[in-house]
Amino acid sequence: MGTQVVTARPGSASCILGIDPGLNTTGYAVISREGPRLCLREAGVIKSRRSDTLPERLREIHVGLSEVFAVHAVDLMALEQLFSHYDRPRTAILMGHARGVICLAAASAGVPVEHYEPTRVKKVMTGNGRAPKSQIQLAVKMQLNLQSVPEPADVADAMAISLCGHYLANNPIDQALA
């Protein structure tokens, strides 16, 4: 069985799926370019029940994202990098499981994955790597020409991640500076 590595080419991503990973709630957002505009195609959350077993919860995430890949011709998946704290190693391990099935869904769909640290997403969106969530939500609202600030936070974060993926994949100069 051969291994194929899929990588994104600069300037080649016109439909991007942004993912804010979580075992309980995974936020996702699909954006695409229509002429000079960026358009939000779909956004939402995939929720798993805390009462389900870990494999059942992971399957729920995988099935949900596989459905998104089946509906949209995604060119690139932008995934928030794992953030962990030494006080909560168990949380980091569980998040690693969630990120694993998210990456599996992308690989199964033949979609390349780019990983972005939360501070990088914030810097690309606002110029400040420590920007508060409210500032990120406002930036997303303005850049996608939305009527209101996106809610819940998982969806807003996924939108920001997809926008970051778009800007960095389509502008190599920004990628070098970010």
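Backbone N, Cα and C define each Cβ position, glycine as well.
Taken from Swiss-Prot, the feature active site applies to ASP20 (among others). DSSP assigns ASP20 (active site) to a strand segment in the three-state reduction. Counted within 10 Å of its Cβ, the other Cβ atoms near ASP20 (active site) come to 24, all protein chains included.
According to Swiss-Prot, the feature Mg(2+) 1 binding site maps to ASP20, ASP154, an assignment based on sequence analysis.
For GLU80 (among others), the entry in Swiss-Prot reads active site, with the evidence type sequence analysis. According to its DSSP assignment, GLU80 (active site) is in a strand.
What Swiss-Prot records for GLU80 is Mg(2+) 2 binding site, and it gives sequence analysis as the kind of evidence. Its Cβ taken as reference, GLU80 (active site) is surrounded by 25 other Cβ atoms within 10 Å in the chains shown.
Look at Swiss-Prot and you will find ASP154 (among others) tagged as active site. There are 24 other CB atoms within 10 A of the CB of ASP154 (Mg(2+) 1 binding site), with all protein chains counted.
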Quick check for the class: what is the C-alpha distance, in angstrom and rounded, between ASP154 (Mg(2+) 1 binding site) and GLU80 (active site)? 11
Could you find out if DSSP has ASP154 (Mg(2+) 1 binding site) as helix, strand or coil? helix
Expressed to the nearest Å, what is the distance separating ASP20 (active site) and GLU80 (active site) at their Cα atoms? 6
